[in-house]
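Asks: Submitted below is the structure of interest, expressed as structure tokens.
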Amino acid sequence: MKYTSYILAFQLCIVLGSLGCYCQDPYVKEAENLKKYFNAVDPDVADNGTLFLDILRNWKEESDRKIMQSQIVSFYFKLFKNFKDDQRIQKSVETIKEDINVKFFNSNKKKWDDFEKLTNYSVTDLNVQRKAVHELIQVMAELSPAAKIGKRKRSQMFRGRRASQ
């Protein structure tokens, strides 16, 4: 009886392992379709190195990688936007965008919408330029980790004083 359960477990592992080879993420097939469309399978594509992969390899910390990934995702969204009306790759683009939504935005629609909103701002629009410059000081303050830590320490210090009084 004991050997039978081992054999069944072994067979299950073999079946699941073989299924894993055939159950690729949907984006893989669609990315291959885009490679054919853009003629990105030719060896000359690799000339002069990679666009993104070397940059991603340079950064090991999660927060640093997220910054780089956000710029890369932004690039792909702009690329896809340029080809949104091409019916030959419409399905591939939509599938990949959905997969990015799951992997990068954790299926959070609000994050995705805000990200797209940011990537759609035109830097040549005078009104956008004026608003961006108007908000620059506040944005810079948000970027500074020292300011956030200082605020947190002060608020903890005041909370401690109130509790002891």
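Any Cβ shown, glycine's included, is placed from N, Cα and C.
Fair warning: this is a prediction, and the values are worked out from it, not measured in the lab.
According to Swiss-Prot:
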- Asn48: N-linked glycosylation site (CARBOHYD)
- Asn120: N-linked glycosylation site (CARBOHYD)
- Gln24: pyrrolidone carboxylic acid (MOD_RES)
- 1-23: signal peptide (SIGNAL)
Asks: Can you grab the distance from Asn120 (N-linked glycosylation site) over to Asn48 (N-linked glycosylation site)? Cα atoms, rounded to a whole Å.
Replies: 29
Asks: About how far apart, in whole Å, are the alpha carbons (Cα) of Gln24 (pyrrolidone carboxylic acid) and Asn48 (N-linked glycosylation site)?
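Replies: So the Cα of Asn48 (N-linked glycosylation site) lies 30 Å away from that of Gln24 (pyrrolidone carboxylic acid).
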Asks: List every residue in the same chain as Asn48 (N-linked glycosylation site), at least 6 positions away in sequence, whose Cβ is under 8 Å from its Cβ.
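Replies: Correct list: empty, so none.
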